Each structure stands twice: as C-alpha cells, then as structure tokens.
C-alpha cells in the first residue's frame, strides 16, 4: 500500500542518514523541510522531500496536510503501564502532606501495587493494560518500553511479562519488555535482602529467559531500595541471559549509582532528578542515555532533571513518561514534551529530539524508529493546522494531533 502525504507545512526530524542519538548542542538542531511531501510504502518511509520534488505516482491514498506538522511518533522508553487497579488514595495522602517514603513505609507505594497485581488474573491485567496502551497510541506514542516490577514474586513477575508479550503480539506499536523484579523488597524480605536477590537471580531470571519474556533488566537503585552492590549483582546475573541493563537511579539521592551503571554499560539511566558534577563526568563519552521523567516530578512535586546543565556538558538526554499508578498516572508524551520546555527550560527542538530519536536509542530501536529516514518504520504524527511546531509545547493542554500512523496505517 502506498500513502502520499502532500503540502506538509513542516516535516520535522528529517535525517538522510541513520543516526543513533544527538547530544549537547546537537540537541538544539531539529532538521526540517518546509512545504514537504512524505511517501509511505507498506509499513516503511519510502521517500520525502520538498513539494517541488514530489513524484507523480499512483498511490492508494493521498493526504493533504496543508497547514499541518508531520513528525515521528514519540518513543516512550520508560513505562509501567501493566498494572492492576490504582493508587488514588495515595494521591490524596500526598496532598495532605505525606511523602513518597512515608507512604511506602505504611505499606503503600510499590508494595500496594504488588498486592493488587497478585490478586488479579492475567486476563484482567491484560484487559486493564490494553486500554492504557490504546490511549497512548492515540496520543502519538509509536514505541514503548514496558516494565514488570509489580509482581515481586516469581509467578507475579512472569504474569506481568506474559501480559507485555501478549500486548506486543496483538498491537502494531513497537514494545520492548523490561524485567524489574528488583523494584522493591517484598515485606517478607525487608530484613533479608540476600534471599530476595537470590530469588531474582536463581528463580525469576531462568524462567524469564526460558520463555524469552524480556529484552532488558532494571533495578530501583536508590537509598532504601537496592544498593549499588545489590544492583551490580542483579545486573551481572541478567547479562548472563542477554538482558541489557536500564536502571532507575538518582530519583531522590546520588549514591554512586550512575558510575556503576556506566561501568556495566547500561543502555539508559532513568529519573536523574538529582545529578552531581561527578555523575555528569561519568556519563561523558559513555554509551548510556540519561532519561528524564518530568511528569513524575510534576505529579509528586520533586525536583526536575537538570537538563540545561547536562546538555551544556555535552550529554544526550531522552524524555519518557514513567506511566505508573503511583507517581505518574499519565502516558501523554505531549505533556512530557511541554513540561520539559516549561519546567526544565529545554527548547522545543531539544524536547522533540529527546522524545523521538533519543527516546528510540534509550530502548534500543534508533535504527528503525525516532526519525523521518528512508527505510525506517512509518510511524508518524500528523497534527491539526498549527502556526509552528512550537505550538506543540505552547498549547500544552490542547489535543493537537489529527492522525497517528503506526507501521504505515492510521490507527
């Protein structure tokens, strides 16, 4: 099937050659073509350019995008959208003054989600999760990483990962699965960390590998959760099964986690609300992508990732939602992009780069997603008529998306 989109006001994120990511000052450059066309053949980008060079060919569908912006779909590299129930009461508790840590110490937080999940059938979890997945697709997300981590038992973690696998099989959106058994210590292991880590290493990982349920491995490396040493043991065990690390780190404290993650060649380090000068030096020249989660900072009123400091140091940066029931019950990447501009002082160019090509890198798919490049997946957003692409951040609560293509088809 051939689809030709013509008269595009601004075609964004055009890259003639494949690139993995953009860093530092390059993040402020967003290549675009004004008055452009885009040709989709089957599920791939076949051609693009200025309307003056638009080919005269027979197509199955022609779309006039006069006045509209076209760009790649968002690549959301950090989510927890497979879960059961909600944590609305904790939302009210925070309003009344309780901290994240205080809620967790009272049996809330991750352990609350684990309790809900383990009491819910796999079918019910799938049915709840697919609604969230369909919603984020309509909001322009064309690739998503989904974590386990609300099982915290062998059966619970396997159940979550099977749901993720089923979602990937039933929907056109690109899905990457991450095993996050080390999300928190279950209450019965609170005083016996070694036994829970052994459960992850000796029972969870072999079963996950046998069913090929995960691409990545994650750990919540944070004070009160998993230490650097505990994290390293889990990372090393995961690597034996081919699982690449993508790590939660520096959300509340800096305890040397980033240095460890870089040493172990983590694909990404995520959260980074607290970043030291030493952390920045450790990230320089590495293959590890820093990932900011601004809607989490917004929702639970914690600091924002210091994007300006990191970009000025020459680092790359990706943006993701952290969609989860406790601290970010939203998967709207449009809000993430706008919040990055408003609260983190990223330019629209930087934010769009962070949410497309760098987001693709942070989930290992930048060779097929994240830019308008010949041969890449035809995952694109067509906006409503706009004055400029800056409006995508400026009109931060408006739905500016008219159509979303995933794998060459309007969803």
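For all residues, glycine too, the Cβ spot is worked out from N, Cα and C.
Swiss-Prot names 78, 80, 248 as Zn(2+) ligands; from the candidate set 155, 322, the record adds 322 to that same site. For the N-formimidoyl-L-glutamate site, Swiss-Prot records 324, 326, and the single candidate of 126, 150 listed with them is 150. 183 is the residue from 183, 369 that Swiss-Prot records in the 4-imidazolone-5-propanoate site together with 87, 150, 251, 327.
For residue 251 (4-imidazolone-5-propanoate binding site), the count of additional Cβ atoms within 10 Å of its Cβ stands at 27 [all protein chains shown]. When Cβ atoms from all protein chains are considered, those within 10 Å of residue 327 (4-imidazolone-5-propanoate binding site) total 24, not counting its own. On the backbone, the CA of residue 80 (Zn(2+) binding site) and the CA of residue 324 (N-formimidoyl-L-glutamate binding site) stand 5 Å apart. Within the same chain, residues at least 6 positions away in sequence whose Cβ sits under 8 Å from that of residue 183 (4-imidazolone-5-propanoate binding site) are 110, 147, 148, 149, 150, 152, 218, 220.
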